[in-house]
Amino acid sequence: MGTNLSVPNPLGFLPDHQLDPAFGANSTNPDWDFNPIKDHWPAANQVGVGAFGPGLTPPHGGILGWSPQAQGILTTVSTIPPPASTNRQSGRQPTPISPPLRDSHPQAMQWNSTALHQALQDPRVRGLYLPAGGSSSGTVNPAPNIASHISSISARTGDPVTIMENITSGFLGPLLVLQAGFFLLTRILTIPQSLDSWWTSLNFLGGSPVCLGQNSQSPTSNHSPTSCPPICPGYRWMCLRRFIIFLFILLLCLIFLLVLLDYQGMLPVCPLIPGSTTTSTGPCKTCTTPAQGNSKFPSCCCTKPTDGNCTCIPIPSSWAFAKYLWEWASVRFSWLSLLVPFVQWFVGLSPTVWLSAIWMMWYWGPSLYSIVSPFIPLLPIFFCLWVYI
């Protein structure tokens, strides 16, 4: 090294050995051969004191550079005080706190002129904003408000954080209702299939139900008549049976709803009897006075008018509603009147009726649950309607 120009250092692996102009060799920062502060190569045999101890750092700078600290020499540097322009006790004072133009944290304190003035009265705040020996009046005059009037208004950019409990309860209720409704729907949809199976089983007493359309012109594989494919001739009969079953279910629901409305007193209990005459008090349609005491719901039915007034007898509203339906149907279907003697005769045979009912319960008992079980999901719906309507 030394003055030997043949020793290359193209990438500057040795500190400050700048032989390549690309590493800053110029008139103010010459290369190694023209560096006035370089150590000559014969001095490299001497033991130097560097940052890593004796003999570990060459005397011509070492890997840490040319600074005294790199050579192991520690010097104390005096602290220079900051200029007056940056001193807190003199020069320009910082601008007092101003209300934010947009309040993106509504849960924080809302700033206004009164709250700002009270905050500036705090001695800790005054010590930061007033110079030494400042005003002795004890008040702080904030910077004049040159902003628009909108800056004094707290403009919220978002609503306060909603409590997670309210969010959970708000979503949990509809989800539970949706789940219960879906469960009831799936159970209700099994009612037509169960009734269809019972209906078709009446045609195959003592044997397994088999679709009769499989031996026709469009043969299909053996299947139940309750699950006919569309190509089976029995598919149309299956759809017809299920349509009748759906109408039957809707009729039951309608009857239950009308009975419920009648029980709540929302329907006239005493219908217009066919053939009744109009009296001075008008047609006998409603019961003016309950039969027994002041009942909340009407529980009587009008018979023939006596002396211009309705004579009420204590009959349950459900029986009154059944009588109303029978009278309504008798007016529109005259042939139903032919069934009255038969019904009266059948009711008169009460022991026979009870024996027949007992025999049917004993005969149909084992399969009665399978017939009634599909209607069980309807019970909660009927109960809710009964309670809340």
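Cβ from N, Cα, C; glycine included.
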N26, N166, N309 - the residue Swiss-Prot records as N-linked glycosylation site: N309
Same membrane side per Swiss-Prot: P230 vs M360: yes
